[in-house]
Every structure is written in C-alpha cells, then in structure tokens.
Amino acid sequence: MTKGSATDSLVKCIISGDNDETDVSTFKDEKRPLFRSGAVDIFVLSVPGPLGQLNYVRIWHDNSGKGTFGSWYLKYITISDVQTGEKFKFIAEKWFAVESNDGQVDRLLPVAGKEQLEEFGHLFQNKAQRDLKDGHLWFSVFSRPPKSRFTRLQRSTCCLSLLMTTMLVSAMWYGQVPETTSRSQAGLKFGPFSITSQEIGVGLMSNLIIFPINLLIVMIFRKTRSRYKKTSPIMEAIRTNREKRQNEEDSKNYKKDVPGDDSDVSWDSSWSDSEVPNINQRAAKKRQNGIKKASELRPDSAASFTVSLEDDDDPRLKTATSRLESAMSNGDVGQRFVPKKKKAKKMPFSLPWWFVIIAWILAILTVPTSMFFILLYGIQFGDLLCQKWLSSLFISFLFDVLITQPLKVFLLAVFFSCVCKNTDIEDDDADFDQEEVNLNEDEEWMHQDGVYVLRSQRSGYKPPPTAELNAARETRFKEMKMFEILRDLGIYIFFLWIVWVVSYSQRDPNSYEQQASFQAHFLAPGDWYLDFEGLYRLERVWNWTQNVLPGALVTTNWYNGSPPVDERGFLGDRTNRRLGPAWMRQVRVIPDSCTVSPYMLQLTQECADSALSNEETRNFSSGWSLTGVDVNQRTEYNYRPGVTMKSLPYWGRLDRYPGGGYYVFFEETVNDVTNQMKELERNRWIDKYTRAVFIEFSTYNAYVNLYTVCTILFEFPSSGGIWKYARFDPITLNEPADFASLKIICQIIYAIFVLIFIIKEIAGMVQKKKAYFRDIWNWNELAIIGFSLAAISMYFTRMVLVNDIMATFAETKGKSYITLQYINYVDEILGYMLGFTCFLATLKMIRLLRFNRRMSLLGQTLASCGKDLFAFTVMFGFVFVAFTMMFQLLLGTNMVEYSTLLRSAESSFSMILNKFKSTQCLRKFRSRRNRNLKRNFCRSALITSPRPSTT
C-alpha cells in the first residue's frame, strides 16, 4: 500500500491486441468511489470482436481530483479473457501524477513477459502484501479480501479461541513454575505488569504450544469449499446486459407491431395476456431472419457472423451488408479465428462443505473449556501470580501479533517467490466456488470461426493538454509545500508537548521545598556561631559536627523524653528516611608530595600537594600513626577504595577528589554521634594532610515521593583556610501513581518519535548527500536526535540502577551501605540532555513558522546584516577579553569574583548588565598610590556598563 495512491480523477484506458484495439474505456461508478488506496478494482469490459494476443494498455487520467486525490499510483493491471481463460499482466509500479519525477499522467504499459512476472521483487512484494491482509489472523479481521471463503465471523472466532487457549496454557505453566523472589529475576515493571525472563519464557512457550491447534482450525475454515455454487459476477454482468438489450429490442418491436402512430402508443387494458407474447415471438422471428441473411454472405464459413437486426427492410442491414461485401473484396477482413479451448483451472486442495461444521465444533469447544479451567486456576492464584500470568499473556499476544504471524507471512512469501515462483498470486479459492460462465442456446463465443471487419485506429484518445498539466504541476507543488509545512507544524507541536511532558515529569515541584528544608536543618542559617557559612576555622567545624549535625542526622527524643522507637533510621525532621547509614569520608595526601624551595629548607622540610595525584592509600592506627596498625579495630583509619564503596570522583571548588578515602560511619543516636565526633577531634582525625572531608547520605521522603542525595564538603587547601560547600539534590526515581500511565505512554511516544526522526534524517542524508550538511537546521535536528538518544540511554541506565539498589534495600531492610551517587550523576546527565532537547526543539519552531511574514522578515534581516554582526562580535570579543584579563590581574588577589579567569569573565559580563559590587571594588583602592588606578577603573566601569534608564 502506497501512501496517497488513491485518486478521484477520471481514469481511462485503451487495450490493444494483435487484431484490434478497444475504444476509450472510462472507469466510473456512481454508487461507490473507485481506485482507493490498497484496493483492487474489478471491471467487466465487453468488446465487439476478439482482440487477439494483447500487446499494450494505454492508461491515463484527467487530473480532475482535488489535492492528493488528483494523483494516482498504479501497481499492475491483470486482464482475464472470460472465453479462453487467458491472463495478461501489465506491470506499472509508477505514479500517474503531475508532481512525480516525470510529471506524467499518461503511460503506455507493455504486456509483462515471463521473466518480468517471475522477478523476486514483484512476486515477494505482492505475495507479502496479499498474505498480510489475508494470512495474518489478527489483521485480516479488518482487512479480509472480499472474495475469501474465510469470513470475518470465522476469523474473529479463531482469534477468540487463540486468546482463550493462550490464557489457559499460561495458567497451566504458572501452576507448575515455582515463585521466585531472587534478585536475578528482577526485571522491568510497568504498572501492574512486570517483564522478567520467566514471563518471557512462559509467554513464548504458550504461544508455541497453542499454535498448531489454532492453525488446524484456521486451515479447516480456509480450505472448506462452499456447499452451493455462487453466482459469478461476470455471469451477473452478462445477464444484466442481456436483459437490458432484450428489453430495448422488445420495446422497439412492440412499437412497430402496435397499430397507430408511435407517439400515441398506449396500453389497452382490453388486450389479453396472450397477445403480448405473440408480439415478442414476432420480434424473435425477425431477429432470426436477420441472422440468416448475415450468414448467407459467406456460405463457406464454419460459423455464422451474428448481427442483431430488427427488420428485413432496415437500412442498417443494407449498410452492414454492403460494408461487409466491400471488406471481403478488398481483403480487409479479419482472420478466421481458430477455436481456443478455455484453459481448465487446476482445482486446489479443498475439503467437503461439511468440514466447516467440524471447525465450528472445535472452535466452540475450546472457548468455554478454556474459560472453565481459567476460572479454576484463577481462584488458586494469588495477586502476584495473577500479575505474572497477565504479563505472560500480554507477551504471548504481542509475540503472536508482531512476530509469529508476520514471520509466517514473510517465510511463505520468500518460499513462493524463490522456489515456487507462482505468478497467479491473485487467484482466490473462492473463484472455484462460483458457477461457470455459460451462454444461451442462441449465443456463441466470439473466438469461434467468424468474419470481422478490421477497424481503423480509434480517435477517442485525448490526454490532458501539456499547458494544463504544467499549470497543475506548479499549483500542486505549492499545495504540497503548504501541506508539508502545516503537517510538520502540527506533528512537531505534538512532539514538543511530548518532550515537555517527559522532561517535566522528571522534576518534582516539591524539590525546592525539600532542598530548603535540608538547608534549614543542616546549615543552621542565621546562627551567629553555628551558621554553616561562618565556619572558617577548624574548631568551629568540629563544633558544628557536635551540635548541629547529630540533631539533624538522627531522630531526637520526643518532647516528653520518650525515645523514638518507631522512627529508627529517620532524620531529625521525622519525615525523611535514610537509605542505609550516613558516613564521613576523608581524602588525604601523601606527606612530602611536593618539593620545598631550596632557600626555605632551613625553615621547613615538608609539604603536600594536590589530593588527586598524591592520594594517601595506606592504613593507619589512631592518630595517623603507622605503628600498631589493626584493620579490624579502627576502621576510620583504614583506606577504602572508591571502586569498593561505589563512589565516584567529586569535583569541588578547589580541586578534584578521588572516590576513595577513610570512612567513619555515624551511629544511630544523637549522643553516640556527638561522642563519636568528640573522639575524632581528640585524635586529630583532621590534620594538615587532610584535603577534603565529605559527609554523605541519601534519604527518601514518602510524603512527596522524593529521594535526596546529600553531600556536605569541607575543603582544606594547601594555602590554608576552609572552603565549605553543601549540596542537596532531590530526585524522582519511582513513578508516582498519579498519571503514571500517561507518563509511560508519553515516554513510549517520545521514543517512537526519535526513531522516526532517525529514519527521516538518514533518508535525507542519502538523498541530499553533502548538501544535507550545509543546512544549519539539519544540524539542529541531529543535535535533537543525539540528545534524545542520550536521554533515553540515561533513563534506562537509571532504571537498572534503581532496581538494583531497591532490591538491595529490600534484602537488607535498609541496614547495608547504599549510595545514590551513581544514580544522582545519571539523573543529572538526564536532566541536562532533556534540557538541551527542550531548548533545541523549541528553537526549531522558528523554522516551522517561516511562512509567517514577520518571522520571514526577521530571518532576512539577520541574513542581510550577518557580516556586520560578525565583525561587531569579533571587536566586542577582543574588548571583553581585554577587560576580563585586566580585572583578573588587578583584583584576583582581593576578590573571589575575579580570582580566576573564568570567574573574572562572569563578573565582567555582570558588570555589562550593571550588576556588580562597585562599592567593594572601589574599597580596594583607598590607598594614595592607587588613586590613578581607581580613577581609570571607574572610567572603564562606566564605559563597559550601561547607565540605568530613567523615566
């Protein structure tokens, strides 16, 4: 089936053979539309004489259809001679459309030879298309061929039988397969359905078991012939035409035999019933006389040339006689046609009519029997086993619809195309259930011996004028362009909505409140002594870990002093549940990891460098001593690599730190945590070789269905001081019950859209080749596809990690070491990918709105001034870089905003927006010697930053 192949144009054709050709035949039907997409239209065409061996068919249309219905795609034409049974095939496989490559609506199709008919491409395509409509059990309910014996009721019954037997076999399997709850059976879960190796195996085995039973019922229905012969459509057409012609002749004869003027003919009620047949008998006698006169023209002819005449003195008889005599004298008489016997069709294998009763009995017995045993099994199953059973049934159904039936169609098409090479692919078994085409006693076939006058070339061939076709071609191209834009706009708006739904479903609106709650509990904002932002010395850091951290990390006693018995594992807010224990991790450096300047060796002889390249990995005893090391007693002094702890490297504000380190796992009560911190302080667990201290844990809030990955970092640079950093990342890992089905459907549609875009862009690359990469919007499309594929891969990676962690949490009941760092990184990358996808997809709307006049004007304006904008950008870039370097060199030692080149660029850009700390900047130049520098700095600030507007 070719998209847009239907037409409303008026189709005409001329059939040409060795002996003659037909007049222009117009195909139309007032009762139904013709030439629909994927349809097979059958017509009965009568000709005045035999055409002989057919040579070609000229077929065209007048392009009168509107829009897409003006075009037409023709696959092939099959012409069957009713008298001889011969078939002639004309393969087209071309468009009759002004917008096609050659723009032709008129084509000459030669008769196909044996090699052309046996080509693999032709046979496979037509056989596969036919079997997909008729052989696919589920699809054929809607696309059943009209002439098939296998009715829709029988097909629907077979589908019901297949479904019931599949449910029964799946239930029988689950009655024998033991339930497993191990982690190896963990799979994907979509609402009530779960997909594991067990469900897939049961679904496939059930499908294979019931396939032979269902195939038997289908084959009996399909191969059972009808009890009574049906009337052939050709015979119906002959009878209708015969009755119409007979009525016309009888009406004329009746007018001749009734006395009086023809215009005054009326029916007399006094006539007897026997008088009307007498009139008809007289008309029949006159016809016999006309036939006799025509046959006497050639007494040596083996058969008579039948011409239906009305009267002996009819001038038309004289004209026909004179023309025939003239043709005989000049030799312009057709050949004598040797009688051809009609080819007897080979009767295919079929079953007697009463076999359909057996098929109905088998189908009817399987349905209630299966339902009875399904009810018995369903009573025994629990909720979990029922969900698995339904999952297997769903998999078995999809396997049959998408794999078993299409694979059967594909293999049969390949077999018949490569091995059998049967060219009669359009033959139906139902053709043998129809009565043969027979003639009356006074009729004979044209292909018997007879004399026929050869006629000259027909003059009715009038294709559409070339000028009209060219005008229609231009109009059609404009329509196609507009329809393409509107279609792309509508589809893309829907895709954009899907992207927005998928993107925003990954972010919960309660995330900000969750983060603000953690900041209030752990950072103690507003407290003049315990505020997290005021921890600039090590003593204040230890004070914070002993006074703020325990009460926020562990649940405290109730207001009446009762212990929180039922809230073990919760944070101090009694809302967030910890996933496993919380821990503190230290990253240290190796002593003497750097070289001391030779001029300072008399003052100091040791130094330590960066933690990433000089990480300490040895085990120590209390106080970081290398004597008396016992790895089983003091775990906080034993090194644990990042691979073992499933911890990734972390990029802080000053350095990049590895995933390993020295771990301290917090206790479960406030007093124990406080004492633990005091002991670490006494033993100087943080010393001059410490470069970073991490406090890490993960929580789950059931009220808002949010997981939170918490990271509190203290950096101790080699230059001294403390840099603090706290990050609380709320993430959504489990789909909430509300609108879960909608989100899953949108995600599936999103993946389908990405697949369609990939196919479309690959086709564009193949068609346009290098020119494809010159269009910037194609790069935008490739970027959308790339970010979408990355987002899909991150989504499934996160799903696998979440399933693994949840299984571990369920097995250990939340007591084992669990880290969500991997999941947090994957979720962060997923957020970036979806963000870029949303940005680029929304940006593409500019291109889709290019038909708008203002949008087109904007594009033309940017295109015309592109060179000037580029020159200004280059000039602005040099000036901006110059100021950025100057500010970093002058203020880098005094202000954190200009401490690095990147921060200096960010601050300079803020200065352009008139958003910078001008008072703090000018305060750095109060000394007398920097007065000129201060003046120049102010001038440069005024130049680079715009003045605020006044109204």
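Glycine is no exception: its Cβ is also placed from the backbone N, Cα and C atoms.
Taken from TrEMBL as is:
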DOMAIN    1-110  domain 'PLAT'
TRANSMEM  157-175  transmembrane segment
TRANSMEM  200-221  transmembrane segment
REGION    239-299  region 'Disordered'
COMPBIAS  239-259  compositional bias 'Basic and acidic residues'
TRANSMEM  351-377  transmembrane segment
TRANSMEM  389-416  transmembrane segment
TRANSMEM  485-504  transmembrane segment
TRANSMEM  739-759  transmembrane segment
TRANSMEM  779-796  transmembrane segment
TRANSMEM  829-849  transmembrane segment
TRANSMEM  869-891  transmembrane segment
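Sequence-distant contacts of the transmembrane segment (485-504) (same chain, six or more residues past either end, CB-CB distance under 8 Å): 742-743, 746-747, 749-750, 753, 834-835, 837-838, 841-842, 844-845, 848-851. For the transmembrane segment (779-796), the residues of the chain that approach it from at least six positions outside its boundaries are 747, 750-751, 754, 757-758, 761, 773, 826-827, 829-830, 833-834, 836-837, 840-841, 843-844, 847, judged by C-beta separation under 8 angstroms. Residues 137-138, 141, 202-203, 205-207, 209-210, 213-214, 217-218, 221, 360, 363-364, 366-367, 370-371, 373-374, 377-378, 380-381, 385, 388-389, 392-393, 396-397, 400 of the same chain lie 6+ residues outside the transmembrane segment (157-175) yet bring a C-beta within less than 8 angstroms of a C-beta in it. Helix first, then strand, then coil: DSSP counts for the domain 'PLAT' (1-110) stand at 4 helix, 43 strand, 63 coil.
Sequence-remote contacts of a segment are chain residues at least 6 beyond its ends whose Cβ falls under 8 Å from one of its Cβ atoms, and for the transmembrane segment (351-377) they are 154, 157-158, 160-161, 164-165, 167-168, 171-172, 174-175, 213, 216-217, 220-221, 223-227.
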